[in-house]
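Below: one structure, written as structure tokens.
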Amino acid sequence: MIAAYENSKWEPVKWENDMHCAVKIQDKNQWRRGQIIRMVTDTLVEVLLYDVGVELVVNVDCLRKLQENLKTMGRLSLECSLVDIRPAGGSDKWTATACDCLSLYLTGAVATIILQVDSEENNTTWPLPVKIFCRDEKGERVDVSKYLIKKGLALRERRINKLDNSHSLSEKSLEVPLEQEDSVVTNCIKTNFDPDKKTADIISEQKVSEFQEKILEPRSTRGYKPPAIPNMKVFEATVSCVGDDGTIFVVPKLSEFELIKMTNEIQSNLKCLGLLEPYFWKKGEACAVRGSDTLWYRGKVMEVVGGAVRVQYLDHGFTEKIPQCHLYPILLYPDIPQFCIPCQLHNTTPVGNVWQPDAIEVLQQLLSKREVDIHIMKPRSDHDKKYEEEQWEIRFEELLSAETDTPLLPPYLSSSLPSPGELYAVQVKHVVSPNEVYICLDSIETCNQSNQHSDTDDSGVSGESESESLDEALQRVNEKVEALPPLTDFRTEMPCLAEYDDGLWYRAKIVAIKEFNPLSILVQFVDYGSTAKLTLNRLCQIPSHLMRYPARAIKVLLAGFKPPLRDLGETRIPYCPKWSMEALWAMIDCLQGKQLYAVSMAPAPEQIVTLYDDEQHPVHMPLVEMGLADKDE
């Protein structure tokens, strides 16, 4: 594509729907095959980049006629659809939250795709019906369809006649009519700055004050009041949802009108809350939640996972993982108790004392959005809770057993480079930035061996250069890795074995603890220089005999060039913004498929070397010629 269109000039073309074209991606300086979806304006066109499955709007200046020889190759991407699930909420369209969740979960992930096409059916079904399996946050393989159902973003597609649930409470509460939106005054409650003067003219200070006093309590440390249980042995209710732990959430029929009234008042008065300052959410904190249906609800933080938060809709029982920008640290109607009551089946214990996914699925199909009669058999009193706390016993014996003790090991031995001025063969194992890499010593005999573990090259930049003794020892350890004890000491620089993406275990060391729920550890593979964030099930204690081998990877700074004074690249390396991503990829291109040599310029501790190719040319010169780096004399 680059060879065909790099020097091409724009020519006027009458573009029409479904026409094939070549599209230039300006910010990446790339050319992609595409197909016209529709003409937005005379100069803007919506196209589908069918080799990557991306839709975008571009200027006609970025389009060229697609050459006939480029049409012969089929599409490089496959359009797939998950089977046996449908959007939650009664709509035929997927919500933005569901799409964002799926994109966050799958983009860039290594997944197993299983076609769901019977041999008797036409195998050209499009999009392809599939099941997708990949690893979740804990490193366990899960079914993506079941994951969406578990998060409340999808429902299982039933193969029988669907029941009409249009009159259920949950769907009504999520479909507040918007016909009166034009007649409703938009109220903006903003923090740390005065409201807009035009808004102040429309909304009297008395109305805003009454609104804030009635339903808002900003950044309160207390939560919402617990649900009020009807004072009767039997009452009618609507099942809003069934939790993963078998908890059945119900809303009494007597409270439905009050819930709908409160929901409507929140939507009518709470149109926007202004920009929120950086806020650190805590587990159990009460808040206001903007749901996937764009409506506001009362909620509680259940878990903080990276940049997302798992929240529970307190008046409906649902839980959902959403971006932090959809939460606001205020209480809505703090004096009104929660409408949703959590219940458990009396004298019913799941097999194995844990509710299995198939049992939860049966409960969801039987009860979700159904009207039921609730018989209170044994309300849980404060006395019962106090008794459980008094009877709770914590045992520490297992923590003191020898099996959970990680021996304190010394740091890895360091490899050394030859004396300054001496030319020697090296391999680049990992690239941090254009002038910071990890190398290991190489020999002419092993320079052509490839190493799949290195992330700098798939065709020969990286190879095995050290003694076979370490390789043989690691191979023997991988054969019986299940017998190794788990890692229990997570101090910085702690040696360990870590599982890489290829399923094999390599020598590593602890860099830092990144997350606590679930626990995630940042490790560095000492023989390669690359890092990875891993869960506990991918770490174990390292056998002591592997400690006698020095760490292969050596961190060095490359001499002879520096970041340019004028760099027009917009995309920067996040952890090293003085360099552009274009410079990083250009350096990786310079290192691929070449025998490399180095000359040390400065001894330890700050190793500085100059890298040369097999023709004794500095490898950084192409960056200087492209304007991505300046010479450093």
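Placement of Cβ uses the backbone N, Cα and C atoms for every residue, glycine included.
According to TrEMBL, the features are:
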DOMAIN    14-73  domain 'Tudor'
DOMAIN    280-337  domain 'Tudor'
REGION    449-471  region 'Disordered'
DOMAIN    489-549  domain 'Tudor'
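The average pLDDT computed over the domain 'Tudor' (14-73) stands at 85. For the domain 'Tudor' (14-73), residue counts in helix, strand and coil come to 9 helix, 31 strand, 20 coil, using DSSP. Applying DSSP to the domain 'Tudor' (489-549) sorts its residues as follows: 8 helix, 31 strand, 22 coil. With DSSP states grouped into helix (H, G, I), strand (E, B) and coil, the domain 'Tudor' (280-337) comes out at 3 helix, 31 strand, 24 coil.
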